[in-house]
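Feature annotation from TrEMBL assigns disulfide bond to 36-229, 78-88, 93-99, 146-218, 151-201, 159-169, 173-182, 183-188. Residues annotated as signal peptide in TrEMBL: 1-27.
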């Protein structure tokens, strides 16, 4: 009788285990906080769009599991009409309040791809499109190697003259558009301009091949907080 019961239980558990494997991963919650002393217009793609985020306010979005190429950034110097059309001095996304495209430089980026290889989230802060607002990008519950990263140095104040832009500091690729800085051929190394960004923000991407010191991971299913002007 015991053997028969064991077999019966096994047949019940097998489909349950199979259903568990098919259970989709949950969306990740991103809490976006504006600690700047001024209003920013937060943007997030492919999920979120964008809103006006006054100083001290928070915006929460749910990002589907498996999302790749995700970005969160702050736009500054914006003006929009009642239909959500307008322009931003930095980070503008085609003149729309609710973004469906990436922003234009200079803009500091929080980038992510969720539930990738072995269900790991990959995330980073990037100065490859320049810098406009300081960022902190952190798991809500850090643990071990799953920890927060930050780029909040005085990059605008120290920006080389040739990289200065209204409201921010451009990356060299945006200004010079050469392979040395843009890595279009896939082969490039650090330059004096990338070192300028890296020295001030060691956690952040400073040029396209800066992966080794600039990509971070957390387990899939992690929730995150992005803070402007941390």
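Here the Cβ of each residue, glycine as well, is placed from N, Cα and C on the backbone.
Unlike curated records, TrEMBL annotations are generated automatically.
What TrEMBL annotates, mapped onto the structure for a quick look.
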{"residue": "36", "record": "disulfide bond", "Cβ contacts under 8 Å, 6 or more apart": "55, 74, 133, 228, 229"}
{"residue": "78", "record": "disulfide bond", "Cβ contacts under 8 Å, 6 or more apart": "41, 52, 86, 87, 88, 89, 92, 97"}
{"residue": "151", "record": "disulfide bond", "Cβ contacts under 8 Å, 6 or more apart": "108, 125, 127, 131, 134, 135, 200, 201, 203, 204"}
{"residue": "173", "record": "disulfide bond", "Cβ contacts under 8 Å, 6 or more apart": "128, 181, 182, 183, 207, 208"}
{"residue": "188", "record": "disulfide bond", "Cβ contacts under 8 Å, 6 or more apart": "179, 180, 181, 182, 207, 208, 209"}
{"residue": "218", "record": "disulfide bond", "Cβ contacts under 8 Å, 6 or more apart": "120, 121, 123, 139, 146"}
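With a cut-off of 8 Å between CB atoms and residues at least 6 apart in sequence, the same chain places 43, 45, 50, 75, 99, 100, 101, 102, 103, 104 near residue 93 (disulfide bond), listed in sequence order. Local packing around the Cβ, expressed as the count of other Cβ atoms within 10 angstroms, is greatest for 159 among the disulfide-bonded residues 146, 159, 182, 229. Within its own chain, residue 169 (disulfide bond) has 106, 130, 131, 132, 155, 156, 159, 163 as residues 6 or more apart in sequence whose C-beta sits under 8 angstroms from its own. Set side by side, the disulfide-bonded residues 88, 99, 183, 201 differ in how many other CB atoms lie within 10 angstroms of their CB, and the most is found at 88.
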